[in-house]
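Step one of this worksheet: look at the structure below.
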Amino acid sequence: MRITSCICPVLVCLCFVQRCYGAAHHGSIKVTRNQTKHIEGETEVHHRPKRGWVWNQFFVLEEHMGPDPQYVGKLHSNSDKGDGSVKYILTGEGAGTIFIIDDTTGDIHSTKSLDREQKTHYVLHAQAIDRRTNKPLEPESEFIIKVQDINDNAPKFTDGPYIVTVPEMSEMGTSVLQVTATDADDPTYGNSARVVYSILQGQPYFSVDPKTGVIRTALHNMDREAREHYSVVIQAKDMAGQVGGLSGSTTVNITLTDVNDNPPRFPQKHYQLYVPESAQVGSAVGKIKANDADTGSNADMKYTIINGDGSGVFSISTDKETREGILSLKKPLNYEKKKSYTLNIEGANTHLDFRFSHLGPFKDVTMLKVIVGDVDEPPLFTMPSYVMEVYENAKIGTPVGTVTAHDPDAANSLVRYFIDHNTEEDSYFTIDASTGTIKTAKIFDREETPWYNITVAASEIDNPRLVSHVPVGVRILDVNDNPPELARDYDIVVCENTKPGQVIQTITATDKDNSANGARFHFSLDEGLSLNPNFTLRNNEDNTASILTRRRRYSRTTQDIYYLPVLISDGGVPPLSSSSTLTIRVCACERDGRVRTCHAEAFLSSAGLSTGALIAILLCVVILLAIVVLFITLRRSKKEPLIISEEDVRENVVTYDDEGGGEEDTEAFDITALRNPSAAEELKYRRDVRPEVKPLSRHHPSSSLDSTDVQEFIKQRLAEADLDPSVPPYDSLQTYAYEGHRSEAGSISSLDSATTHSDQDYNYLGDWGPEFKKLAELYGEIESERTT
């Protein structure tokens, strides 16, 4: 960095002193070590080092700009006799580049301009050796070259420029802001970094503390309304402000913030406002404003009417954006009754600062006179709206009602009435232009349109342009001209196992007429028909009726649909009635009353099997039959003996699978043998082996079987089985079942029960659960067929 011309004499003196006194004055000699490095080849010797070979530090001025290298100091050894035998060596930071040494004289010079702000000091090492032997004459010594500071950096404000605010009317000495300047010079050496502050611009309004840099107000009651913005220039100078010091400056922009120190004021004490009498209620008729020198919320105000004869006719509100008072009309004006009003209006601040209450009061009052203007007004109806009534089916020209209007002006002109016919509803009525009587123009049907809204207009005959309108509502009164009907199409279901007197459906009715002409319904069966043996109807006296059963059981196979005519009448004058027919379907139901099916289908279908399932079952049966036929055919074509060889001792198992068809299968086999042993067939022999001994039964005549009891019959069969030599050597089981003769109780078998008749009631089977559903249906069908 270049040194300014103002400090050149100081630097010249410093350089002169340095060059005259040499190294003795650049370094301070101190004994800092009590041990030296041993010389190569010799044992280490502990001794006090020579005072002439100990340096602590040298000094060199920064920013040297001379043509020659700057002299730093001199190294000297007591072993140096001046004959050039001693060689001085310099190592360390900057050695050879920044710092050079004369190896003969030991003089150290700086070859470059140094900047203390970049590096404050350098650490180097010095050594003296014998030039001939290159052996150390002195131990290596460490020293420091410090860069001595000069005032080459001016103070700087790193955060400037500044923007700050302070409330107006603040006390003198109020702190505004503290500014701080920094100086890069060495604060420990001289006054190069000692900064003082002063104000260059902004007096006499503000001041600054020379040491701390705190800016304060310098005047009392600084008014924002007089001046709002200030630009203050602050200077920071080093060298404690002395001549030759460097300086820097910054700008501080100070704005005075507003406080509520100004009350509102109306520009005038008297105002006058013209308002025509035709002004609409609720509309704004005028504005008024009080001025306030403050800003923001300090200028907010509220307007009120404090007294006057027009306080009940007019109202005032405050526009927050424009801070104006908006005068509105609360009641209609009438020039013929009152021609002027007087209002006293007050404007007051809403946010007060009690520190400045002595500057108040913060409100102002003005007087407003309202002049009512005369206007030729349109006719005025006596009512704001009308409601009229007329019966439906009334003849055309029937009077509905009358509207009345008059001219409110003093002239009291005649009024003409008319209907604009702007809508379709207006075409249903006519009006007498002179009397205002409204009449029907069409025949009405209340069930189509129960209400009509029309608009009637009135105008002065002398001035047809002045027209006023009034809404008229016409209610169409009801006449009993619609018979009652069923509320909906009912889907009535009766279960096959329904008991007599059970309610299967509750029906209701509707009537298009008003409740006064038919809300009371009466239900009955058609008296012109014979008594219905299946169903009956009960009128519940609450506009509903219940359908009840009269039979014990119903069969959908016999009849699945019934029709029941019902007669419904209303309570209007005159009463009207209508007849409707209910359709009742017979359905199979679950135990809890849920409908299972309502179609007269086969029982197999009612059990829940679909057509696809039936086809699959039939297909399986056909396949099984084909397999059986194929098996029988193969068996007949080739038969093999059951016993292949006497030597074959293996136990062969022959399986015969024949499953009966149950109790209903009476044709699969003859069961008479089970009933009477006498009906048993003769003993049949095996076809594959010829019997050697005939069974004992051959020796007894067949007539003897009639006298043989069961015990003897079984013994006989047992003996035949034991004595038959052709019986295979396998275990076999023969079963004989016999019921016996002459039982007084008779047969307990159910095989022939289907052919007998019984008076027993099988309805209880339906209560046994879903397991007995099929059985209940079978006996239910039998009972139904017998009843039919």
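Glycine is no exception: its Cβ is also placed from the backbone N, Cα and C atoms.
Feature list (source: TrEMBL):
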SIGNAL    1-22  signal peptide
DOMAIN    77-157  domain 'Cadherin'
DOMAIN    158-266  domain 'Cadherin'
DOMAIN    267-381  domain 'Cadherin'
DOMAIN    382-486  domain 'Cadherin'
DOMAIN    486-603  domain 'Cadherin'
TRANSMEM  613-634  transmembrane segment
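For the domain 'Cadherin' (382-486), the predicted model reports an average pLDDT of 90. DSSP places the residues of the domain 'Cadherin' (486-603) in helix, strand and coil in these numbers: 4 helix, 53 strand, 61 coil. Residue counts for the domain 'Cadherin' (77-157) by DSSP state, with H, G and I taken as helix and E and B as strand, are 0 helix, 35 strand, 46 coil.
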